[in-house]
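K.L.:
Okay, these came from TrEMBL:
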- 20-37: transmembrane segment (TRANSMEM)
- 49-68: transmembrane segment (TRANSMEM)
- 75-95: transmembrane segment (TRANSMEM)
- 101-124: transmembrane segment (TRANSMEM)
- 131-150: transmembrane segment (TRANSMEM)
- 170-190: transmembrane segment (TRANSMEM)
- 220-241: transmembrane segment (TRANSMEM)
- 247-267: transmembrane segment (TRANSMEM)
- 274-296: transmembrane segment (TRANSMEM)
- 302-320: transmembrane segment (TRANSMEM)
Amino acid sequence: MTKAISFKSRMATLLRRFPFIPALGMLMLLFILNGIAEPNSMTVRALKGVASTYLALVFLSVGQTFVVYTADIDLSVGAILSLVNVSIVVIMSQFGGEPYVVLLALGAGIAIGALCGLMNGIVVSGLRMQAIVATFATSILISGIALWVLPVAGMPAPSLFWKVYGGRSYGIPNVFFFIAILIALLAIMAKTGLVTKLLAVGNGQLSAYQSGLSVTRIRIYGYIICGIFAALAAFCITGDTASGDPLVGGAMTLSSVAAVVLGGTALSGGIGSAFGSAIGAIIIGLISSLVFYAGVPSQWQNLAQGATILVVLMLGVLASKRINQ
């Protein structure tokens, strides 16, 4: 009996430190199931295809995590992605596809994402509006701007852009280098202590304030980071689709929230992991692939994907509750 209690206590401590462990187990299971359903899905080419398609969702989910850390939420991330997507495509199309123009467009995209995040942070934290209502409103505003920038989808991106995203360096698909850059970026951010401050605010704004933290400023930082990661997600989606679409990110907002929860981050704030959110995004991608490989009719695929994601979410929550009992 004592050994069982001790084991549960150790597991609970481990989960608090690494909340993405259940998601990691689900990820491994889905890789196995995909391999059984379609052996060719485990080839480098197939894995590159999955990574290219869902890397945008990975970046978007990671960005969402920095907001959820503080018990907030951002329903405008998909709209920010769309705005950055059409903005950089229009800039590159208007001024040519030379390397310096591409770099200029990327810089403009980062600035747009950061400004959108700043606006969200000021509205939510500075004006003390409910995050879910405020960011829903800003998502409509940002979507309107995206439609103004590019009213009709389909403007092609310069070949240099999508060839770099889908190409190879030293025989390795570039998308894997982008994943490595993301991991390095998260490691660097973890060293700054900002994540600890965000989590402290999520654990309790009053106690964080009493400990000397600037709660308003920290929450704004969370939204700015989220906007920047939404811009990075837009770069990925532009490289994958090779075009601009003012509505491309609409369906990705709720997927990013689902990925955050799948990765073990609590929507109530104070606990979580950006690494786990990245795993959650990949889980969503692998579920979509598994449904396709299983031969589910197209009219039933969304239903099957949604049901599977719901089951996976429930299993993760039940497992965590069982261990913490």
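Sequential numbering from 1, following the chain as shown.
Backbone N, Cα and C define each Cβ position, glycine as well.
A TrEMBL annotation is a machine prediction, not a hand-curated record.
So where do these features actually land, and what's packed around them?
P.N.:
Residues of the same chain lying 6 or more positions beyond the ends of the transmembrane segment (20-37) and with a Cβ under 8 Å from any Cβ of it are 14, 262-264, 273, 275-276, 279-280, 282-283, 286-287, 289-290, 293-294, 312, 315-316, 319-320.
Listed as Cβ neighbours of the transmembrane segment (49-68) (distance under 8 Å, sequence separation of 6 or more from its ends, same chain) are residues 41, 74, 77-78, 81, 131, 165-166, 173, 175-176, 178-179, 182, 186, 195, 198, 202, 222-223, 225-230, 232-234, 236-237, 239-240, 249, 252, 255-257, 259-260, 263, 265-267, 269, 272-274, 276-278, 280-282, 284-286, 289.
Here the transmembrane segment (170-190) has Cβ contacts under 8 Å with residues 44, 48, 51-52, 55, 58-59, 62, 164, 225, 236, 274-275, 278 of the same chain, all six or more residues outside its ends.
Nonlocal intrachain contacts for the transmembrane segment (220-241), taken as residues 6+ away from its ends with a CB within less than 8 angstroms of a stretch CB, comprise 52-53, 55-60, 62-64, 66-67, 69-70, 72, 74, 77, 80-85, 88-89, 106, 109-110, 112-118, 120-122, 124-126, 157, 161-162, 164-166, 178, 189, 194, 198, 248-249, 252.
Residues 15, 19-23, 26, 56-58, 60-61, 63-65, 68-69, 71, 73, 75-82, 85, 139, 143, 146-147, 153, 230, 233-234, 237, 241, 273, 275-281, 283-284, 309, 312-313, 316, 320 of the same chain lie 6 or more positions beyond the ends of the transmembrane segment (247-267) yet place their CB under 8 Å from a CB of it.
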